[in-house]
Amino acid sequence: MPDRGGGPPTGPRIRVGRPSRRVRTLLLTLGVLAVLAMAFTMFAGFWTDWLWYRSVHYSSVFTTTLWTKIGLFFVFGLLMALAVGFNIWLAHRLRPPLSAMSMEQQNLDRYRMGIAPYKKWLLLGITALVGLIAGASASGQWRTWLMWVNGVPFGQKDPQFKLDVSFYAFDLPWYRFLLGFGFAAVIISVIAAALTHYLYGGLRVTSPGARATAAATGHLSVLLGVFVALKAVAYWLDRYGLAVKSSDFKATDNWTGLRYVDANAYLPAKTILFCIAVICALLFFATLWRRTWQLPVIGFGLMVLSAILIGGLYPALVQKFQVQPNEQAKEAPYVEKNLAATRDAYGIEGTQVAEYPGKSETKDKTKLRDDADAAASVRIMDPNIISPTFQQLQQMRNYYAFPTNLDVDRYAKDGKDQDTVIGLRELNLAGIPKKNWINNHFRYTHGYGVVAAKGTQVDSEGRPVFTESNLPSEGDLGKYEQRIYYGEKTTTYSIVGGPQKEIDYSDDTGEKTFSYKGDGGVDLSNPINRAAYAAAFSEPQILYSGAIGDGSRILYNRTPKERVEAVAPWLTIDGDAYPAVVDGRIQWIVDAYTTTNGYPYASRTTLGDTTADSLTANNNSRAVVAQQNQVNYIRNSVKATVDAYSGDVKLYEWDTQDPVLKTWKKAFPGTVQDKGEISKELMAHLRYPQDLFKVQRELLTRYHVKDANTFLSGSEVWQVPDDPTNKSGDAVPPYYLSMKMPDQKAQAFSLTTTFTPNGRDNLSAFMAVDAEAGTSDYGKIRILKLPTSTTVDGPKQVQSQFNSEQDIAESIRLLRGGDSEVEYGNLLTVPLDGGLLYVEPVYVRGGDLKYPLLRKVLVSYGGNTAFENTLDAALNKVFGAQAAETEQPPDEGDDTTEPPPTSTNPTVREALSDAQKAFDAGQKALEQKDLAAYAEAQKDLEEALQRAEDAQAKADQGAGGKNGDDKNAGDKNSGDKAGSDKAGPDATPTGDAGGGADTG
């Protein structure tokens, strides 16, 4: 019969006693080891951070932030612990004597008896917990504290309260933090005190008689009085907060500042509520003498009712019956304040807006053609498309790579600046032959060399004209340190300088090795350092590997942006760091901003959204992804450099008038160098930053107007057009371009964009900023505003026109033959003699090609469109005239003109002649739309060009080496077959694709 549990146990009893001594010792040892491991891991994080900051010579940043956080943690943690602990202790001390116990008190007595032996420990535990939480929260306010302590006046006052802007930017955030801390301390104290009073009989719920003792009533009323007093302070600060309050307003998104209803309803309401709250607080304090809740409850109810009626209903009535019937007249004075403040806060107050006809009245076609060359050095090398071309022609080894988006800079040649597309041959660990810990972190440690090409020219095959190429790199840039230990693609750590040799680069003779000799990184000779990094990187081999020895240094935090962010955590970093060769070193140049969201009356914007465009959508490294907080003041106050070899970070003051930068310089003295320390060579490569320009252009879609009524009507609202060459629907990116605005006498390196009317595609304005640092006009924004009475095609319409013209569409279809892919380059806009010139390079990536080559150039002006092999030819066709003949100086290494017939090698001459014949035959077939003949001609062209290149290479070797043309064209060092470079359709053996001053 089964056991029902009612009888005595039938089996042997199992004794559960204390663990044996050995088990207890083992458990204790494991516990101690676990605690030590956790402690050492925490120490390792702290110690490695300290070593890193010391290695980059910014240890003061580490110590300042550390001590500030520690100070805030202990001060506010202690204040919170004392406030809560004191009120718990006081509530316990004020407990009533227990006599006749009700059922409620009998139930509570069990809890009182249970915690009696642990009261002190419980009190310490509660106060420690709330203190830790409060201290951790306060330590996160270290920026707010430093800005309040070191705040520098702006020298400008808000139009409502006549207070310096620094009050809103530096003081008000700290006061609000203190207020929030006070509320938290009081609320927690009230809850803790009420629970203690209830536990010990000071408050009763079901017991007969008074619900609260006099002592409990007095204690809680004082706490509630403090709470209401803090609410009075909050009402008073809210008055000033109206100047930086965001609200919905039809005139603009993210409106900031007072409007009519704020100044005439909310502002007096806040003042009245402040007075009521003060009276209510006094009534709560009065219960110490009156011992009754009647008056405080009445006062508190009055305050709540007033908040609803005066703070909510009254402003709504003012808005409904005073503002809405006559909104334009009521809001106009406040809109004027917002216009002035926003334009000043974003640095757009000096924007020069000029009327521009949009259509040329010039009848002289020859003049138009000549002016087109003078108006801009049109960049037909799109840095956002030709990275695969750099990769194929100049990668050299699989463990090198170029960035997805190349950069545009200026380099002087023969005393003249030329727009240059530049990229670094960085390390690509994904391409190393064999992956293991030694290869990943010891042997393959750095990239090698700069590759640069002219932005305005291509060679006869549509490839870049390299001004710096090969491995090691050689060309116009001269001698410089080519090793790249710090770059945008270098995201893992490397250990260098020790017994293990590094792969430097490879050539035809084999691999070259190298050992790092710089002072970058942290020394690993110390075993404590090795143990700390082994723990920090979760890699025990760092501790015991024989590949680490005397002189070994660990390099990490190697991208330019993260290095600048680490040494200047108070700066906002631009999304695009770019390289430049400066004083014999490769320097990464990083633009950095100071921001605040406390500029009164200035509308806010979100950097992460405002700076997004068609480039950042597909390349997160270019986006300001961390900046989703809103700001309403921004300055490009710092230019930073990061040495690609040593990793040295230098911060240079750029905006010498910025009060936010002055504040941070006081907080971190010695971290930012004076503007005068910028060398002349570095100054030549500084430029106007893209992200600041994108923020400003977004604001200028509305804030280009200065009249309040026009602003309110929204009749002149613009928008940044979508990128017409991209189907993503993202905004068109701004473009760097050497060009000339109507009021300029010569071309200037500029950053440009276009605007269209809101919801429409025609052009409404063109905007350019002088981007060349060191010039008197640097940062000057010019807007050409087109008349609303005439319609000028915008970028999307021009692109549609390109695609819809029958001849162009047919040519594009032919170019797409044979599995080829057509890619449209940047659609550039250039003001020209009252009209607007559009230029768009067209690239073809053949079915058997891995990279795009320039094949055609689209040009549009005044409704006329051309689709030709070269920019010159397209301009000639659009204007119906040729440019005036100008003598071009010889440019060594240029392969942009017709293949020279001066070769003494008959094989070369014969091959070039055959190539020209094949090219002519292909063009004729293209015009006749004979695909079969066109394909045959392209095959003949490829064979002829291959024969010419092979013959020329043999001739060069016989003469003692390769010539400059081979270098610029990208020779066999790229590892690809030369014939594949010409396999794309419509290869052009003659003509120059360049334009402007560099065309020939």
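Placement of Cβ uses the backbone N, Cα and C atoms for every residue, glycine included.
Summarising the annotation, Swiss-Prot assigns compositional bias 'Acidic residues' to 888-897.
Positions annotated as compositional bias 'Basic and acidic residues' by Swiss-Prot: 943-953 (among others).
What Swiss-Prot lists as compositional bias 'Basic and acidic residues' is 963-984 (among others).
For 884-908 (among others), the entry in Swiss-Prot reads region 'Disordered'.
Here Swiss-Prot flags 943-1000 (among others) as region 'Disordered'.
What Swiss-Prot lists as transmembrane segment is 26-48 (among others).
Residues or ranges marked as transmembrane segment in Swiss-Prot (evidence: sequence analysis): 70-92 (among others). Within the chain, the transmembrane segment (70-92) has long-range Cβ neighbours (under 8 A, six or more residues past its boundaries) at 119, 123, 126-128, 130-139, 141-142, 145, 181, 184-186, 188-190, 192-194, 196-197, 200, 202, 216, 219, 223.
The transmembrane segment annotation in Swiss-Prot covers 121-143 (among others). Counting same-chain residues at least six beyond the ends of the transmembrane segment (121-143), those with a Cβ under 8 angstroms from any Cβ of the stretch are 65, 68-70, 72-82, 84-85, 88-89, 115, 174, 177, 181, 184-185, 188, 192, 570.
The annotation transmembrane segment is assigned in Swiss-Prot to 177-199 (among others) on the grounds of sequence analysis. Within the chain carrying the transmembrane segment (177-199), a Cβ under 8 angstroms from the stretch's Cβ atoms is held by residues 76, 79-80, 83-84, 87-88, 90-92, 94-95, 108, 111-112, 126, 130, 134, 138, 141, 144, 205, 212-213, 216, 219-220, 223-224, 226-227, 230, 233-234, 237, all 6 or more beyond its ends.
Feature annotation from Swiss-Prot assigns transmembrane segment to 220-237 (among others). Using a Cβ-Cβ cut-off under 8 Å and counting only residues 6 or more beyond its ends in the same chain, the transmembrane segment (220-237) has close neighbours at 87, 172, 175-176, 179, 182-183, 186-187, 189-190, 193-194, 197, 212, 270-271, 273-274, 277-278, 280-285, 287-288, 293, 296, 300, 303.
Annotated transmembrane segment per Swiss-Prot: 267-289 (among others), in sequence order. Within the same chain, residues 217-218, 221-222, 224-226, 228-229, 231-232, 235-236, 238-239, 242, 258, 295-296, 298-300, 302-303, 306-307, 310-311, 314-315 sit at least 6 positions outside the transmembrane segment (267-289) and bring their C-beta atoms closer than 8 Å to a C-beta of that stretch.
Positions annotated as transmembrane segment by Swiss-Prot: 296-318 (among others). Here the transmembrane segment (296-318) has long-range neighbours at 221, 224-225, 228, 231, 260-261, 264-266, 269-270, 272-273, 276-277, 279-280, 283-284, 286-287, meaning same-chain residues at least 6 beyond its ends whose C-beta is under 8 angstroms from one of its own.
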